[in-house]
Amino acid sequence: MSSIKIECVTKDGCRIGESPVWDEKESALLFVDITGRKVCRWSSVTKQVQAIPVDAPVSSIAHRKSGDYVITLGTRFAGLKWKEQQVTIITEIDKDKPNNRFNDGKVDPAGRYFAGTMAEETRPAVLERHQGSLYTLFSDLSVVKHFDQVDISNGLDWSLDHKTFFYIDSLSYSVDAFDYDLQTGKIDNRRSVYRLEKEESIPDGMCIDTEGKLWVACYDGGRVIRLDPETGKSLKRVDCNPLDKTTSCCFGGKDYSEMYVTSASDGMDEEWLSRQPQAGRIFKITGLGVKGIPPYPFAG
């Protein structure tokens, strides 16, 4: 049995670190600092972080087939050219809700960018409820809205056979599944595959491994948990001590056997931060004994 090792890989903390995505070409981890309004890239070679400041809360990042990246910025889908540090707006949604912003997003196996919204928080996990929706940006840059009444649109991923879409609305404390049509990007037949106990805390970002099991970061729970969506059972729990605000996770590294976990420091007072000086930083977990799959690029 390999022993699990957790190490902090960045020197500086994010306010809300989120959306870790492995960049194979750069041997680097992409991530965002939502309230810090920065898009970041940590090099596994130089161990340094490059950051690009943006003009609104930036909540997710993905590869773009044509090169560079796409991001969710405020209530906009946008393109990001890294070298030029140039942001180009693709389209805007939720125009009738000035208090909304995007939250987590991810590209599906067909190259569509799924991302959901939420109301701005007055403090962590405290916000006007049912203000969010889930959207898809298609490769022709059109947008489809799947449903609304979302509290905090969060973790998302697809089953290995691409027939199921997994999704988290954080305040429901549930990991949900939908039937997924890869040809059209349509989702239906929503059901819960795992319900978190209150002590497991709030489900946040999520990724899938090569065995089809889900990994969920538990915000305020200081851990990632591994779930079997078929049986609804929790299989493993990895505590990221001393760290409460784990926000998301992804696999990366040469063979996708390393897990990277983002975290947050927003909402922590001085006393809390003195006990958790690494809050908001990026952590690498090795020795899990499973691998992940490479992220899909946006086709548009």
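Including glycine, each Cβ sits where the backbone N, Cα and C put it.
What TrEMBL records for ASP204 is active site, proton donor/acceptor. Residues annotated as divalent metal cation binding site in TrEMBL: GLU18, ASN154, ASP204. Residues or ranges marked as substrate binding site in TrEMBL: ARG101, ASN103, GLU121. According to TrEMBL, the domain 'SMP-30/Gluconolactonase/LRE-like region' annotation covers 16-265.
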Notebook entry, point to check: Hey, what's the Cβ neighbour count for GLU121 (substrate binding site) at 10 Å?
Noted result: 17
Notebook entry, point to check: Which has the fewest other CB atoms in a 10 Å radius around its CB: ASN103, ASN154, the listed binding-site residues?
Noted result: ASN103
Next item on the list: Give, as a single whole number between 0 and 100, the mean pLDDT over the domain 'SMP-30/Gluconolactonase/LRE-like region' (16-265).
Entry: 97
Margin query: Checking your reading of the structure: which of the binding-site residues ARG101, GLU121, ASN154 lie inside a 10 Å Cα sphere centred on ASP204 (active site, proton donor/acceptor)?
Written below: ASN154
Checklist line | Rounded distance in angstrom between the Cα atoms of ARG101 (substrate binding site) and ASN154 (divalent metal cation binding site) | finding: 12
Margin query: Pairwise over ARG101, ASN103, GLU121, annotated as binding substrate, what's the top Cα to Cα distance to the nearest Å?
Written below: 11
Note to self: Same chain, not part of GLU18, ASN154, ASP204: whose C-beta falls within 8 angstroms of the C-beta centre of the divalent metal cation site? Give them in sequence order.
What the structure shows: SER19, ASN103, ASP104, ILE152, GLY155, ILE168, SER170, GLY205, ALA217, TYR219, THR247, SER248
Next item on the list: Looking only at C-alpha atoms, tell me how far GLU18 (divalent metal cation binding site) is from GLU121 (substrate binding site), rounded to the nearest Å.
Entry: 15
Margin query: Applying a 10 Å Cβ distance cut-off over all chains shown, what neighbour count does ARG101 (substrate binding site) have?
Written below: 23
Item checked: Between ASN154 (divalent metal cation binding site) and ASN103 (substrate binding site), the C-alpha gap once rounded to whole angstrom -> 6
